[in-house]
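Features of the protein shown, as given by Swiss-Prot:
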- 12-100: domain 'Ig-like 1' (DOMAIN)
- 33-84: disulfide bond (DISULFID)
- 85-94: region 'Interaction with TTN' (REGION)
- 106-127: region 'Disordered' (REGION)
- 149-209: disulfide bond (DISULFID)
- 243-330: domain 'Ig-like 3' (DOMAIN)
- 267-319: disulfide bond (DISULFID)
- 339-425: domain 'Ig-like 4' (DOMAIN)
- 362-412: disulfide bond (DISULFID)
- 714-800: domain 'Ig-like 5' (DOMAIN)
- 738-788: disulfide bond (DISULFID)
- 804-893: domain 'Ig-like 6' (DOMAIN)
- 829-879: disulfide bond (DISULFID)
- 920-970: disulfide bond (DISULFID)
- 986-1075: domain 'Ig-like 8' (DOMAIN)
- 1011-1061: disulfide bond (DISULFID)
- 1078-1172: domain 'Ig-like 9' (DOMAIN)
- 1103-1153: disulfide bond (DISULFID)
- 1174-1261: domain 'Ig-like 10' (DOMAIN)
- 1195-1245: disulfide bond (DISULFID)
- 1265-1357: domain 'Ig-like 11' (DOMAIN)
- 1357-1534: domain 'Ig-like 12' (DOMAIN)
- 1381-1522: disulfide bond (DISULFID)
- 1628-1720: domain 'Ig-like 13' (DOMAIN)
- 1650-1700: disulfide bond (DISULFID)
- 1794-1896: domain 'Ig-like 14' (DOMAIN)
């Protein structure tokens, strides 16, 4: 048997290859790889072609699929290439890695960190190694640069330099650089220095030194940056020859970009030497920053990229290129389109310290506009790091825990991608961070730069957490560089630069370069030389691949589809494949391909195939097998290859063609298996007589044998296998069972090592294999270790017997006890057993009985009594019983004082008409008190109520008045509680408006500001911008009850500002903005016009606007239009026009003219000429078609897009159901796929649906369909008739009504005599009655378009003959019987009979005909079906006898032993192999038929037979049997006496206090007398206890239950006990009186109070839905049934809704209102005079400490900053202004609530000076504009501009701008005559600039 190649698994595959290792001599080197395969491959390591063996220094660790080579104490001789070779039956694979061993570095302190010592000559073989790498440098232009490197290796490598991937001679001429080889005395290895003479700006870049030898290639790189010196020396005129550089575009072009988008400018410059590039903006040099990137792309172009363009970025950008041969310019004008929807306040740049925070803030036009935050292109989501806040229109981003990577550009974006941009600068040790990500092509150089704050610091470079080699790193001063030359995929990852706790990270991404795979080998040939080998030869691919490659050889067994890898070959040539390389014998084909790092070539298949046979070797031979009697014996061996073999047993060959075999009938059974290389022989259930058998195995080249030895199996324990631990309670039955492997084998029981003795309390039984030890009623002393021991083996049982656990019946919940001193307190606990011990604990310490503590035990009740309590007796008590605890909390109140609450003086502040409640709590409920006010006893009245409730006394003032203020006392004996009540008028509140109001009005519009107060007589004051207003004609103040108004009859722009309506305790704010009149469209008046024009033609849209200078925008179909030759925009005075000189139909649409406030719409409709039908001079003639033919109607219109309407006979035509409508340009087509009569008529094509539109008509005529003969289908039909019978010929036509003629032998027939012609619709019939021989002939049915011929013959019927007779059959009962007989002719009529009766088809009878055969099948024959079967055909007949044999009635499922209890019903059941007749089986007992008994019944259900015994008795037990004629089965019925059982047990009952509980159970027997008990105490009938018994049912009813009645209720009868738990719950607590709304003044105490229905209950207080917990400011108190919540020192945060809850009851919510405390100014501000640059301090003292103040200067709010410091010291508020400026002078205001204080700040200005000068010379192009800009020492200073001494005035030519301290002069449309000297004078200071103009 040959295994197919699909069964060989998978060849080895390397998931991870070993990587080259470079170590220092004496260190440890380790190579690792991961290889998979099926079966798992064998891995060996080789070096120099020799397999390596493990030694002291060399080991091969392996962990699953991971294999390694570990080399300790590496020596130079260990260097070289190590090969990992993996091989299995499916193929082979290998991988190699080089190990380089270097000498340890010399301890030379002068060596640089990047230098490495040269390896010794004996160890230098291998790839080159850089000993010293080049260092990155930052130099000034003109300096000399030297880059050196030194590499080692044998043979000595060749060194060469590259710049930015290009050879040096391709970049420079030879005069600019020099290469200096190193000298031997400089050190070992090859050295090459690159010297650059007079470095230029283009010399900046990455320089890579390559080292290459025969063993490999290495490279090291460095960065060179050349900077412009601060002052460049003047150029030498001799070095300025004619320019040879030409720009790509000479004239500047225009570039538009939307705000927030990127703008990219690219300039491509050629020249030699390489030109220097400078970028300028508006005449000023540009330096790279966060938003301006300057770089050179891969194509050599110079790129300037402006990120996130803003309006300030617009202007002229110039790319200037120069070299020693000349210079050139290229310019572009950048325009930034601003969005219509803009941020009202954009973001501002911010700075922050590392680990600090940064806040970015902007404003959107509308608070409902959604925004999103970005860091460059990364969306920021709200988190702890990025906190995002939205307050109205303000959007704020707070960046927490700043780090270096947070430095960058941040954006806030709203809908429409409208953005505002800001820079976030993070100050820290790292000044210039890494970019977020860096994309580099594979093979290019990657450079990363970092600038640090301090020079000379050492940073750390790492990638994915691993430090990078030192040779890649360089640093100089503040700069740190990482240069990775020729990056590969392995270099990708997260690169981090760390400096202390600061770090910056970038994601380095390497984009792979696509490479072409190598070509395939050529000239592949196969030679079948030696026996069992094949020689394969080939040639290398052409052209040869540039990268290293190998050849992969694969094989395929003929007939299989799978190719399996054989070898991997490094060099071309030949390879010999021996037979040992294949897994099994067969014909094999081979193919080969080339594999490199860039892919795999196509396969080349060797022509032909070779027959290979593997040689088998014995890997693991047979071994003697020794087993126990009855076990399976397994013999196995492993071969080296897959091959068939033969097994022998005692010299007799065993056959392997069946899954299981036997040596001979009844002898040993065996099974032969082969899985891959393993062969197995399994002998099943060997017997003792098989001992000594000899097993042998034989195959080509291998023979082996082994012996079989059988031992008698020892006894062992089947269960339990491990030690068993069992736990029981006392009186419980204990059964320990041990099962042995042998039947009736003796065993001995031991307890705690002592042999046990049987008694009434300990019974030992043996039942077959099982041994049992029984303890009928376990006791505690029965606990111990039990052992069942037999012949050296034992089973152990750990038995623990313990008393049942103790349970606490009452109380089940925590009990709270409140008492006063000297009272007696009793704590009671009930357990479920009277003898159960308990322990009492107080505050964790066990209680001991004494005179002050009494412990009592009474039955199940346990009590702790405190006879005379003291305050120290309070605490937490516990009653511990077993594992359960009952908890009691005792609180003792000291009554040394009558008044419990309040303990001190109470101050109550209220407003008029408020409800005031004064509460005093006493220690005794019966004590009487006396209330006084200001020393006089009060008298109860409707205005003053006195209340008494338990221990609480209250004085209530329902509606307090001002005269109710005073001191109230609650007196009892010598004690009193004092309450000071202060009543004030309620503060004035502004009812409307509650929020700030913003009003926008236009000039001359009437503005009304209204404020509604809570009181009509409350005075108010109006303020505008902080100053109180005065009534005048332009400002009117009105008052109407509580409504106050401020009216501006004709508002002016200067009337805008902030208005305040101040009512003392409250204020309303109004922001008024008065704008210029809106820009409106005054003509035409309609806002939407429909205008009709002819096309082509002139279209002019005109409108008038006001004011005349209003700007408008034109839109078409929603898109803004731009002026062009085809669309002209005009503006003349107030008129605005849009003109289309040559309008086309596509110019139709919606045109909108829009001002800032209004818009008008013009719906332009361009009418086209009417549509006409073309190329039809005459009316189309009618079209006649046959049915089923296609019809195509077409016409051509004068315009392609014109719609048409098709109609048929006046009705519109719908596409579908065989109709298709097409439009092909101007052509319109209607297609009828298959014409029918319904398609005939008049078709009309009309252009459009309008009445009277042009139309074209077509007439279609469809001919009637011909009448065809449908049946019969054959053209000629033969019909046979018998003499005397009727002849009937029938024809069916395709349609009714067709004329048909009948002919016989050419003569026409008519309906007469015996011939009748009939027609019924499409059915035509010819009937000839009493056919005769003369009626035979040819009959023709002739229809108009079709005909049919009938060939009629009249013949006598043929004689029926029996070709074969029936044969007798004998079948078994239930089988089928089939009778078969052949008759002639085949269509003769036959009749079947059984026992003389005609047989008809049915479920059990089938009749069939197959040609001349007649078949009768009788299904499921029964004994009664036996008899004679007859077939009658005409006058002949044949008969056969059917015999049915009875089938043996055997039992498939036999009787089983049954155990039953007296009185139960028992069913005995058997299943027979077939359904027997009634009485086929009989039931017996003890071998005798069953007696007649009403309790016995028998039933049969198909195969199932049952015997029912109802209500078994002890006499029924015995042996029962079921018998048939062929089989018998017996079973034993055992009956045990009836036991008392619980049919329905007791159930737990839970009720409320005072209710009744009913317990009920049902027993298995009647008349049982039992006892009821609760908590172990027997119950007797009484008023609260009712006991009932009714047959099987027993019931207990308990009434009037209390909490103490909870416990265990049980019923006991004989040995039966059933119990359930009674749980009595307290009545739910309710809230009798809930809290009320409160209003307090800020800083006062607020008290909420509620009252419960019970004193012992826990209340939960909540604020705004959140639970409250006690704190120093929040107290929760319980006073009897009252619960108090006190809030001390209330603040605004305490305001809100409060509620209380107890259980499911809730009260509230109620509201707490905290009034703001009035603040007054105690110490006013003082005016300050200072000089510019000095500081000023303002102080103000207010009456309250916790007051927030606001500072303003000149009406502007002040916030802390660099020049503003604000602090608070108690009541004192301080403002410190530093570095004062002249514009800081103004009014200083401090405001704290309604209180404010004013002072003046006077600043003496210093003389105006120049701070920043314009350049001495400025060059501009003709036609552009020039901008000169200066900065003076302060804002607001006046400057004067002069040209050649003459003062310049603003105009079209000169524009003068001022922004803060910056002043600009803009010269428009510069001309040559504008060249000259310009001067700017500021005070006594001045500056000059020479303006140069270039160009024609």
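Glycine residues also receive a Cβ, built from the backbone N, Cα and C atoms like all the rest.
Positions of the features from Swiss-Prot, shown on the structure.
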residue: 209; record: disulfide bond; Cβ contacts under 8 Å, 6 or more apart: 130, 133, 134, 147, 149, 151, 159, 160, 161, 192, 194, 219, 220, 221
residue: 362; record: disulfide bond; Cβ contacts under 8 Å, 6 or more apart: 343, 345, 346, 347, 394, 395, 412, 420
residue: 738; record: disulfide bond; Cβ contacts under 8 Å, 6 or more apart: 717, 719, 720, 747, 770, 771, 772, 788, 795
residue: 879; record: disulfide bond; Cβ contacts under 8 Å, 6 or more apart: 808, 827, 829, 838, 839, 840, 862, 864, 885, 886, 888
residue: 1103; record: disulfide bond; Cβ contacts under 8 Å, 6 or more apart: 1081, 1083, 1084, 1112, 1135, 1136, 1153, 1160
residue: 1522; record: disulfide bond; Cβ contacts under 8 Å, 6 or more apart: 1451, 1455, 1468, 1470, 1481, 1482, 1483, 1484, 1505, 1507, 1528, 1529
residue: 1650; record: disulfide bond; Cβ contacts under 8 Å, 6 or more apart: 1631, 1633, 1634, 1635, 1659, 1682, 1683, 1700, 1707
Are there any residues at least 6 positions away along the chain from residue 33 (disulfide bond) with a Cβ closer than 8 Å to its Cβ? List them or say none.
14, 16, 17, 18, 66, 67, 68, 84, 95
Among 243-330, 339-425, 1174-1261, 1265-1357, 1794-1896, which stretch has the highest count of C-beta pairs below 8 Å with the domain 'Ig-like 8' (986-1075)?
1794-1896
For residue 879 (disulfide bond): DSSP state (helix, strand, coil):
strand
Residue counts in helix (H, G, I), strand (E, B) and coil for the domain 'Ig-like 9' (1078-1172), per DSSP?
3 helix, 56 strand, 36 coil
Would you mind giving the whole-number mean pLDDT across the domain 'Ig-like 10' (1174-1261)?
82
Please report how many Å separate the Cα atom of residue 920 (disulfide bond) from that of residue 267 (disulfide bond), as a whole number.
92
Once near-sequence residues are set aside, which residues in the chain of residue 1245 (disulfide bond), 6 or more away, have Cβ atoms under 8 Å from its Cβ?
1173, 1193, 1195, 1204, 1205, 1206, 1228, 1230, 1255, 1256, 1257, 1258
To the nearest Å, how far is the Cα of residue 267 (disulfide bond) from the Cα of residue 1061 (disulfide bond)?
64
Can you tell me which recorded stretch out of 339-425, 1078-1172, 1628-1720, 1794-1896 has the most Cβ pairs within less than 8 Å of the domain 'Ig-like 6' (804-893)?
1628-1720
Spatial separation of residue 319 (disulfide bond) from residue 1381 (disulfide bond) - C-alpha basis, Å:
112
Let me make sure I understand the structure: which of the disulfide-bonded residues listed (1381, 1700) has the fewest other Cβ atoms within 10 A of its Cβ?
1381
Disulfide-bonded residues compared (84, 1195) - highest count of Cβ atoms within 10 Å:
84
Give me the count of other Cβ atoms within 10 A of the Cβ belonging to residue 412 (disulfide bond).
26
Name the one residue among 970, 1011, 1061 whose Cα is closest in three-dimensional space to that of residue 319 (disulfide bond); these are the disulfide-bonded residues.
1061
Please identify, from the disulfide-bonded residues 149, 920, the residue with the sparsest Cβ neighbourhood, meaning fewest other Cβ atoms within 10 angstroms.
920
Can you grab the distance from residue 1011 (disulfide bond) over to residue 970 (disulfide bond)? Cα atoms, rounded to a whole Å.
46
By DSSP assignment, list the helix, strand and coil residue numbers for the domain 'Ig-like 11' (1265-1357), in that order.
3 helix, 49 strand, 41 coil
Neighbour count, 10 Å Cβ-Cβ cut-off, for residue 1153 (disulfide bond): what number do you get?
22
If you measure residue 970 (disulfide bond) to residue 1061 (disulfide bond) at Cα, how many Å is it?
46
